[in-house]
Amino acid sequence: MSNCTNITCNHNVGSPNLINGKVLYSSYEYLLNETSTQVFLGFFCAVTCLHILLAVYWRRGWTLLTLGLGGSLEAIGWGGRYWSAKTTFWQPGDGGLWDLNNQAFIMQIVCLIIAPTFFSAANYIFLGSLVRSTGARYSSITASSFSKMFTFADFLCLLIQCIGGGMVGTATTSEGIKTGLHVMAVGVIAQVTVTAIFSALFAEFSYRISKDQPALRQYDLLAWTRIFKIIPKCTRNRRQTADGDTPMVELSNSPSSAPTPCEKVGKHATRPPRKTIVYAQIALLASNLLVLARSIYRCDELLGYTPEHPGSYADQNVFIALDASPMLALLVVYLVVHPGLVDGRRLF
């Protein structure tokens, strides 16, 4: 004879609390849709595998570290959500609520909050490659400023979000969860700010290249690092070499070429066709807008949460529409217009 009673054992998922009559869920504040977790897990695994293959084909290692790693984190995060859906169980204390595996919850919240940071880094590096491939004269800042300075700022945003995610995962009270979510929100807000500045510079580059109007002056946001001898300084208008096969050049001070500090130019680099440049700009614009839309939603979700009124945090459909779908679309965009089309070298 089983010792299980209606109070201690409950297999009717979605049944209410026996005291207040409300359906209560821990962590997510809603019942996970198992089908959606399976679908997005499968999609993210598939597109990530394709990105890994394209990174090897185009010999673009940075796409592996940004798009490939970001896609992997999305897949792991959705794996955590699937794990959560499969481990939902009845917790009989205080009238009962629907609980789940806490490790699975931590996995998904940390991975899904930080994954888009790698997509932002891909945008920054991609624009740097685009600026470099078009002659570096249509941008007010150097290509390396996009690739390094913006990526460094992105890393700081990532660090803040990781700290907040850890606080949420280890919190034992509603107030602790709220504090962790707010810390994560600070990281997301910082990311939105960096992305907004990047968007303005990208808009300037797109305008100048469409009008064939070179920038009058070009700034190097990394110039200050020369104090610490992090970046070598080119003091003469002559070719210098940073490694065995990558020459360093300084653009001349002419109307058609803005002055700039040392920029790397690939040994076999050629300017991409006009059509490729346009497609790259469209892909970069779409990707940037998708990251912005997702980040704005995340800010509202994280800042609007209270234990009494969780807001969009407790809306699964909104999460799928404004987080999962945009990030999946971003990866698909970069499958169609891969950064390797601009400056990659085919494996075969």
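Even glycines carry a Cβ here, placed using N, Cα and C.
Keep in mind the model is a prediction, meaning the values are calculated, not measured.
What TrEMBL records for 39-57, 104-128, 149-169, 181-203, 277-297, 317-337 is transmembrane segment. Residues or ranges marked as region 'Disordered' in TrEMBL: 239-268.
Only residues 6 or more beyond the boundaries of the transmembrane segment (277-297), in the same chain, are considered here, and those with a CB under 8 A from a CB of the stretch are 116, 119-120, 122-123, 126-127, 130, 133-134, 188, 191-192, 195-196, 198-199, 202, 206, 209, 312, 318, 322-323, 326-327, 329-330, 333-334, 336-337, 339, 341-342. Beyond its flanks by at least six residues, the transmembrane segment (149-169) meets 102, 105-106, 109-110, 113-114, 117, 120-121, 124-125, 176-177, 179-188, 190-191, 194, 198, 221-222 of its own chain at Cβ-Cβ distances under 8 Å.
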